[in-house]
Amino acid sequence: LNSITESTSDEESDENLKSLTQSTHLIQDTIDPIDAQEIYDLTAYIQDPEHPLTLGQLSIVNLEDIQVHDTGNQKEMAEVVIHITPTITHCSLATLIGLGIRVRLERALPPRFRITILLKKGTHQSENQVNKQLNDKERVTAACENEQLLNVVSNMLSTCK
Amino acid sequence: MKLELARCIKLHEDKVWSLDFSRGLLASGSTDRRTKIVSIKPEAQVTLVDELDDSTHSKSVRSVAWRPGTSILATGSFDTTVSIWTREETEEGEEYDSEEDEASREYSNSNHDNKYVMELLAIIEGHENEVKSVAWSYDGSLLATCARDKSVWIWETDEIGEEYECISVLQEHSQDVKNVVWHPSLPILASSSYDDTIRIWTDYDDDWECSAVLNGHKGTVWSSDFEKSNNNSNIRLCSGSDDCTVRVWKKLNKGEVGTSVKGTDDINDGNANEEEDEEEENDIYDNDDKWICEAILPQEHTRSIYSVSWGPNGMIASAGSDGKLVIYHEVEDKNEKNKMRWEVLCIKELIHGIYECNIVKWIDVEGELLLATGGDDGYVNLWKLI
């Protein structure tokens, strides 16, 4: 799934690129950079695993807690850092919510993005533990091979546009 | 010096996690669940020679390792199992020979004329969850495996490699064990972990015990590698971590324990008492070895370091999430004679384009030393240091 969506977004960017270079002769590898609002729009509609509300509605994802470093150059690495705010400090689903955000962004963003997801400081009793797990590439890969977990994540993402 | 791309080969449909090279053959393992084997000849001539039966593992192949001096391959998977493969003897007893066919020397997906069939020999079960690393001891008699279940298992096998008996389960790490690596000529094992430490395991009368804990990294230790030295009284290990540092660790010999603290040789004699005190303070295990962090290498990485490799040329290579390949070498300190320090020899950026690099290894192709890297783009790249 990951590779399919990645390639789609690549193709889209390629098309953008073509039209840009044909009309204005811009530098070939550069397209519009992705900004925090776009990252917010990608993640705010993810459904909370236990409430019938979205992460945006619950203020788990907030626009001001998203940082993006992107020049728009497709041949350079880019970075997204998102701080999420769990609804309660002992929220047992913080890791799952973080995983949902990561899967959503990995599928939707071009592959140049490195994604860092962190709990907002002081919002969770196991902050460091959750942060470490959410940003461990190997654990995330393994989680995405766990069918049960992937089903839960798919449900969370089913409300995304 | 600079790094030049000698070859890039699209081998997988997803992340390449692991590479191992032995006797002209490079094995690669990937999240696409496949294990591929390519032959590498001088001038970076690459030919795909086999693809292991992909129904064996139901999840990512995380780690591959050739048994020294043989055609036996171990692969560890997120599906909790380790599989063992061996080259099937062809009926004609024909050896693969690339010189017969110029065209086949070039890498090609469709070219399977060069028969090199790997057959499944055994499946090892035991770990509770994802196997993260597999490694053979220098003489091939022992296989070490580690997993998210926090344990390291040591398996003993015979010459054929069909039967595996677990002789030890080491459970002292408090979190996932990411990587295991053996010393190139001694029965010493190092394991790196999500608990930020490296543990050194040594055989005491057929009993494997933790002989040292290397503390210092401030994040997951993803990988470590021993120095390829013929001098067994000088044992060193390098390691790479989430904290973006590469560290070099050194095992102190008995006489060095005191002197290293003082930093001069003159104090060596007549100071036995002080050494004893020193030992008493640090003794945690009965069979304790003393290790020190000898150096933190110049920090060039900006994201997690996933792999380090200590080459037979004495150089250390590191690579990771920032897509940089960094080569370090040891030079004599200008200010202090007989003192060595580590310097960066060269850096190459974007070694897998905009993708992350998961593995780097020095490989010796008939006397020519190359670097092999594997990335999230499914490519295996070969680099020449010129």
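Cβ atoms are placed via backbone N, Cα and C, with glycine included.
A TrEMBL annotation is a machine prediction, not a hand-curated record.
TrEMBL has this to say about the protein:
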- B:54-85: repeat 'WD' (REPEAT)
- B:88-109: region 'Disordered' (REGION)
- B:89-103: compositional bias 'Acidic residues' (COMPBIAS)
- B:124-156: repeat 'WD' (REPEAT)
- B:170-201: repeat 'WD' (REPEAT)
- B:214-250: repeat 'WD' (REPEAT)
- B:260-283: region 'Disordered' (REGION)
- B:266-283: compositional bias 'Acidic residues' (COMPBIAS)
- B:370-386: repeat 'WD' (REPEAT)
For the repeat 'WD' (B:214-250), distant same-chain residues with Cβ under 8 A (at least six beyond the ends): 178-179, 181-186, 188, 190, 192-194, 196-200, 291-297, 299, 301-312, 314, 316, 318, 320, 326, 328, 342
Long-range Cβ neighbours of the repeat 'WD' (B:54-85) (under 8 Å; 6 or more residues past either end): 15, 17-23, 25, 27-31, 33-35, 37, 118-125, 127-136, 138-140, 143, 145, 147, 161-162, 164
Residues of the repeat 'WD' (B:214-250) by DSSP state, where helix covers H, G and I: 0 helix, 18 strand, 19 coil
Structural state census, the repeat 'WD' (B:124-156) (DSSP three-state): 0 helix, 18 strand, 15 coil
Summary of DSSP states over the repeat 'WD' (B:170-201), given as helix, strand and coil counts: 0 helix, 17 strand, 15 coil
Intrachain residues whose Cβ lies under 8 Å of the repeat 'WD' (B:170-201), provided they are six or more past its termini: 132-138, 142, 144-148, 150-154, 208-215, 217-226, 228, 230, 232, 235, 237, 239, 241, 249, 251, 289, 291
Secondary structure content, the repeat 'WD' (B:370-386) (per DSSP, counts of residues): 0 helix, 13 strand, 4 coil
Cβ-Cβ under 8 Å with the repeat 'WD' (B:370-386): same-chain residues at least 6 beyond its ends: 1-19, 21, 26, 28, 30, 32, 38, 40, 44, 46, 309, 317, 319, 323, 325, 327, 346, 348, 351-353, 355-364
